[in-house]
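S.K.: Next up is a structure, given as structure tokens.
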Amino acid sequence: MRIGVITFPGSLDDVDAARAVRLAGGEAVALWHGDHDLRGVDAVVLPGGFSYGDYLRAGAIAARSPLMQDVVAAAGTGLPVLGICNGFQVLCEAGLLPGALHRNAHLHFRNRDQQLRVERADTTWTSSYEGGQVITVPVKNGEGRYVAAPADLERIEGEGRVAVRYVGGNPNGSLNDIAGVTSENGRIVGLMPHPEHAVEALTGPSTDGLGFFTSVLTAVVAA
Amino acid sequence: MTTRVDTVELAGRTPDDAQPYAELGLKADEYARIREILGRRPTTAELAMYSVMWSEHCSYKSSKVHLRRFGDLPPSEAVLVGIGENAGVVDVGDGYAVTFKVESHNHPSYVEPYQGAATGVGGIVRDILTMGARPVAVMDSLRFGRADAPDTARLLPGVVAGVGGYGNCLGLPNIGGELLFDDCYAGNPLVNALCVGVMRHEDVHLAKAEGVGNKVVLFGARTGGDGIGGVSVLASETFDETGPAKRPAVQVGDPFMEKLLIEACLELFAADLVTGIQDLGGAGLSCATSELASAGAGGMHVDLERVPLRDSTLTPAEILMSESQERMCAIVEPAKVDAFLAVCRKWDVLAAVIGEVTDGERLTVDWHGERIVDVPPRTVAHEGPVYERPMARPADLDGLQADDAARLPRPSTPAELQAHWLAVVASPDGADKSWVTEQYDRYVRGNTVLAQPEDAGVIRIDEESHRGIALALDGNARFARLDPYAGAQLNLAEAYRNVAVSGATPLAVTNCLNFGSPENPEVMWQFAEAVRGLADGCRELGLPVTGGNVSLYNQTGDVAINPTPVIGVLGVHDDVRRRVPAGWRAARETVLLFGTTREELGGSAWASVVHGHLGGRPPVVDLAAERALGELLAALSREGRVTSAHDLADGGLAQAVTESALRYGVGARLTVDGDAFVALFSESAARAVVTTTDPDAVRAAAERAGVPVTALGTTGGESLAVDGLPELPLAEVRAVWEATLPALFGHPEDLTGRAAGVVPAGTVPTS
């Protein structure tokens, strides 16, 4: 199973995402932002970091990079895409997911171990979890406050598009404690917390994050 | 617009032109020596180069005679590259080499906290990168004036945001450090940053210009007018009215560019496209070109107009002095230049060939065809002035040492003793540091095995073999004030112990020596004593010093800071899976104390917090005991005999058991021998608290190692219950321990939950 991990200039957690893919049993394939080549991968991860130094707006420039045009096109025909942190910001900027990520309400970068409730256990990236399961993964961001216009927020909630929600404290002031959302077809998921940092007991607060990567492998095999 | 360019030819014709050497920070005799070296007056550009390179910061002119002690230490097999390069390199086994170094950015951080701290991180990361290594982690050691002083509220949030902003954006985990407060830093905070990098032995690169005809390539950010040695320097130049605006001497960082520079450099190294390399830090291009040429066999020629500029009005002298960040200078074989430039293009890094290595022994710089610099590079880079400054034992030291902390009023009831305990752990120095460390990414790269608040940061360097490294930074300045020789050794001992409690074997030492003005004989004596103490300590522990940094002129008005030798120790883990954490995780484990507790309260946290007192003698240094303890801890880790280990230092046993208990919310029932006050607050060195499920085996091992061992009690429950004292519920101690820094600097939850009035106007993004 080939899972692509895109490296943009300023991507930081690409090595972590690739490790998570490998630990889940997949093959991690490095993808370069400047190529128009998805290298035949079965799914794509947009990793965390500060692509283009967060210039303009976080994720704004990366969303317009050459490879993202291919990602958007492929996502339209069902390619599973996971955006983590900066990757989530890129997906929102690219119009693949609703809403936007603003500067944290307290204006600080914040890194802590965070509890999340899995609201949707039926997406391509969360099927390894039980609905309502509470997991612990790191959160670390400066611009992670999820916002959407009131009508959009109502629609997102109404359609059950919230994939994961902060519990035990909201680290950044996200509306409705939203930590991550999914596309209508459940094949695109974006979240601010970092499941790829919770894949080994030695280095993470838990191994709860591995489920995102095992989920997609199962989904791709089933498809 | 053109300004008159001061050429070598012109300098020869106008030997008597007055030059602003004093405004550039040069003494009359130093200026005279430059004239003697050149046989004429220096050009404006040459004067600029000498002035920055002969500054205290670059030349170590006051400290050099003392630092030789580190070079005189017995050679260590582990050292692959020693003092003198950008950073020392040590062998950590399996073909891996590690390079690490700590550097100060104190004065820039006082002027502009965010950028000062950010570029401090950026500079040390480039030093590590220059050695050929991938930077893998950073640490920061921070000191401010009183925590409740208004200026601390100005400085601390900016410094923390700067350290975090730069390191986070580079993708380097911050794995530990220090945050301490003392009035002596009121007008002079200390911002020391450490970076550690990993490479294979064969990847070590050096800052050397070799091979006549090889090209000099400048790459990274464009050169601007930032960070030019201060307004006095600019004011001394003759500018047209239309010349560039005077810019501040603090540089501005762009971590995104540095991240690209890291990836580009590592790709260049991997493709073997680099013969020699030097980063541009203090003194910018002056430093990089003269050091590269000086370290090589030949000379170097640079055509300065080829330097990519951010501001086309910069004069040649300004270009040579600019400290614009995120720039590197490489020596590249002509046949490899195209491939070199291609890698730079891939990473969107600007690169320009600005010169070449020449035969002969001169560094020459032309500006549009006119020669503006023609100097022997060694005289710029390596043969600067050296001073044996006068030294005098501080006049107040006898009185200070006689003012014994033992005479201070002690708590007279168990309740009062407990109140002192809470005061120490809730003091800004003892309190929870999450307010700071939550602003740092500790997870990125996925190899962080231990990070703050652990005693040492531990990084895995090989996912297959599980080999890793441990690092600790420590610098107790109260002890160093009372006795700089012993203080430096105690800091060395503490960092050594912190690495050892994690289960690592200590391997090498770095340092950042923060002191007052070297022109003050008393400060110079403190410096010399600290260096002597550190060198003697390293000899006794069998550890090499692989590099370091000296920061002088740290003072508020005429009052010098307490001498602050910050010591970093690097250790090796054969298998990071056996690392030992500091927190208690389970009930019914035996708590043991290693080491001997004496009545040692001089310079202690208790004396400082409860009585505002600094006096007496620091704790006894016993490096043989430290070594025995360190070896015991490593052995216990290897055998998996202990479930936790925590070093005893500031705040003694009271602080240590509080931290171990609060980590995972597991309390303990403890009994202490003798006077409970001394047991809790003494800061005797060479001690650690461990927990184990096999106390007999641990006791036996300690006895074999000659380490005294005392039973303290058993873990469990939701309080710290010390015999003879009221029970201290963890919830109560946690509340005061966690409240201190948020109360001083604002609680994030106040802002996420509800509107709070502490956000400065204009800082809220409107998008």
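Backbone N, Cα and C atoms are what each Cβ position is placed from, and that goes for glycine too.
TrEMBL labels come from automatic prediction, so no person has curated them.
The active site, nucleophile annotation in TrEMBL covers A:Cys85. As annotated by TrEMBL, active site applies to A:His194, A:Glu196.
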S.K.: Tell me the Cα distance separating A:Cys85 (active site, nucleophile) from A:His194 (active site), rounded to the nearest angstrom.
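M.R.: That separation, Cα to Cα, works out to 7 Å.
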S.K.: In whole Å, how far is the residue listed as 'active site, nucleophile' from A:Glu196 (active site) when you measure between their Cα atoms?
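M.R.: A:Glu196 (active site) and the residue listed as 'active site, nucleophile' have their Cα atoms 11 Å apart.
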S.K.: Would you count the other C-beta atoms found within 10 angstroms of the C-beta of A:Cys85 (active site, nucleophile) for me?
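M.R.: So the number of other Cβ atoms within 10 Å of A:Cys85 (active site, nucleophile) is 30.
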S.K.: Radius 10 Å, atoms counted are CB only; among the active-site residues A:His194, A:Glu196, which position scores highest?
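M.R.: For the active-site residues A:His194, A:Glu196, the Cβ with the most other Cβ atoms within 10 Å is A:Glu196.
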S.K.: For A:Glu196 (active site), which of the three DSSP-derived states applies: helix, strand, or coil?
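M.R.: Assignment for A:Glu196 (active site) reads helix.
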